[in-house]
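Remarks on the structure that follows.
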Amino acid sequence: MEVGHARSRMRWLSFASILLAFTVLARVQAAPLQIPDFSQCEIASASAAAGPPLTLYFNCCLPIPSTPMVDFSFDKYKTVGKHIRRPAQTASEKYIAKINKAYELMKALPDTDGRSFKAQANLHCSFCNGGYPQKGISGNIPVQVHFSWLFLPWHRWYLYFHERILGSLIGDPSFSLVYWNWDDQVNGGNKIPEMFTRVNTSIYDEKRNPNVQPPVVVPLAATTAYNQSEAIVTNKNLNNMYQSIVTASTATLFMGGAFRAGTDLSNSTVINAPLGGGIENGVHNGIHFYTGDPRTQLLQNMGNFATASRDPIFYAHHSNVDRLWNVWRFDMPDGERFDHTDPDFLNAEFVFYDENGQMVRVLAKDALDSKKLGIYYKKATSDDLWINYNPPAKTNVSAVPAAIASGVPYVGESPLNGTINIGTNFSAIVKRPTEKKPSKSLEVLTIQGVQTVRDEFVALIAFVNLPGAGSTTTTDSAEYLGTFNIIPATGKNRNLMANVKYEIGDNLKRIGIQKEEEVVISLVVAKSNTTVTIQGLKIDYEDK
């Protein structure tokens, strides 16, 4: 028996050594993402899984200016004063008239102009839905700026140039976007801003969810029913903000993990699968889902990354995401937090159009300080409510004994489990680390190898200490860990392989089970009949 165990251990160590070698080799050969070859654009298509048969085609190819591409520098793109972005619900009539005029002029430009609304929308479509293969990488692997550390800097640059173009069109270089303050559960920001609901204006989009029009509070959790009271919805929203941002105190947990040259969203393993951050996977994707029109296939416009930027509210939505990046950095109770410092993150290349229609190459590192770009945000006093939210615990003793009695299985880290089909819900007992937690570390749950086909929206919701949790289980308690909201996609990005991480130590402490050796993790699939599988569950310590 001991010999068998020894041989098994040796096989496992050999396997682990091989995996480590591949990981180290991949890192050595890695490089930052480069801008693609624009002659290689591909038309994407998608067949919706629900509703009448329909195939959607997305030609997101970008117009190529006759002038050469230029490199961004702060000297070349000087800011004119402070661009102070304010909450959309506080916008004056004068500002509303100004932004409508700016979008009216942008929409009047020919599609061949990089400043046009069509070209601006195609920037998002092309780099989020497989419009271009990565440069210098074999295998026709698409560029993807979601599900990784690229998400926040790419979208900050996107807004920066979009704002400059709008200002240039109306002759106001100090023009600023507004932000849709959907995290505000106090002053009305959690409703679709009235300025975007005015029919027959240039910032109105008819393809929006009719169920969440004002005065309905927009939920941030995918399982929140439309008919629930405002008090219930706002408490769920507060906890979603708390879990997506406050407890996600490291760059990896908040911003996402590595995306280097050669990273392939659709053809990964647990070892190298992309990792989205808490703000992207959670509340950001939740807003996309709830704003998209359920009467259309693939939840157009906002509910699908190929069409989301066709709705002007997209830019107000992402202005809030960008604002919350600053809040995460500087306004958390534990003090200043820090972005990634990996050279492959800092030197990742993106491309946008400036106010003259010129293509500009930028680097991720130059977007890390929004003030250097002239971007400021009027402080939202409502932030304190979710920053200091105290999610109540529904339980106060370990659920492990009851879970064992009812046959809940033990699940360890990949590759020991094979492939696990979640079905509509799945519970497992997971062992916690046996060693003492280092002082400067977090206890983190990793859901390894989440895999699905992104033909329709699906939410993967995680709970602790609630065996048998389902789609009606409330998300306003300490047992709720977070939601991976998966947006429908087209073409090569349909097949998703990802890892998902949640800081779990805060939840265990609130429940009172921080000294238990094992915990029950429950996963729930909601809003879809899509098959979701995982390859493992792992709890470990990660450095702050």
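Along the chain as shown, residues are numbered 1 onward.
Just so it is clear, glycine is given a Cβ too, placed from its N, Cα and C backbone atoms.
TrEMBL annotations: computationally assigned, not manually curated.
Values in this document were obtained by computation on a predicted structure and should not be read as measured data.
Feature annotations, courtesy of TrEMBL:
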type: SIGNAL; residues: 1-30; note: signal peptide
type: DOMAIN; residues: 146-163; note: domain 'Tyrosinase copper-binding'
type: DOMAIN; residues: 311-322; note: domain 'Tyrosinase copper-binding'
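Tertiary neighbourhood of the domain 'Tyrosinase copper-binding' (146-163): same-chain residues 33, 83, 120, 123-124, 127-128, 175-177, 251-252, 255-259, 263, 265, 274-277, 279-280, 305, 315, 318-319, 321-322, 325, 340, 342, 345, 348, 350, 352-355, 360, 362, 364, 367-368, 370, 373, 375, 498, selected by CB-CB distance under 8 Å and a gap of 6+ residues from either end. Residues belonging to the domain 'Tyrosinase copper-binding' (146-163) score a mean pLDDT of 97 in the model. With DSSP classes pooled into helix, strand and coil, the tally for the domain 'Tyrosinase copper-binding' (311-322) is 10 helix, 0 strand, 2 coil.
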